[in-house]
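S.K.: My structure is below; once you've seen it, I'll send some questions.
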């Protein structure tokens, strides 16, 4: 099966093209009626899920620092907004709340990106019969284990190691049994 392909460029700065009003502008539109956008791809997947009652996939691929994780977050925000989940149950917030923890464990500083994800993510989003997000499951794969024992010049290991070292003087740290 071959689907829609969107080529996006990370501008490395915040642009006003991902705001709520843009989500509403793309909601209900047909693919090609508006400019290419992650929201157009998300809308098409959402419509096909509702129309055909079949699972849909959005594959976000690219080089390091291309904005894959951010694009996935925008797609989830689109689904939460158009399905009413964002205001009703705040599921999107709960799903995305796990991101800083995942980033601490799986992100590192590279020469191209201060917060580069060093693993692949598979995010499965569950919808109810009214097509509202009811939950999500995130799996990681391809973690760069070599980074645990080695990093290139001008790069850092996984963030979690630095966070643990920085918090070693906290009282709670001793309760974890990690002081030695």
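Numbers run from 1 along the shown chain.
Placement of Cβ uses the backbone N, Cα and C atoms for every residue, glycine included.
Here TrEMBL flags 1-180 as domain 'Myosin motor'. Taken from TrEMBL, the feature ATP binding site applies to 62, 63, 64, 65, 66, 67, 68, 69.
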S.K.: Given the ATP site residues 62, 63, 64, 65, 66, 67, 68, 69, which other residues of that chain have a Cβ within 8 Å of the mean position of their Cβ atoms, reported in sequence order?
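M.R.: For the ATP site the neighbour list reads 10, 113.
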S.K.: Identify which of the binding-site residues 62, 65, 67 has its Cβ surrounded by the largest number of other Cβ atoms within 10 Å, counting every protein chain shown.
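M.R.: It comes out as 67.
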S.K.: At a 10 Å cut-off from the C-beta of residue 63 (ATP binding site), count the other C-beta atoms across all protein chains.
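M.R.: 10, counting other Cβ atoms within 10 Å of residue 63 (ATP binding site).
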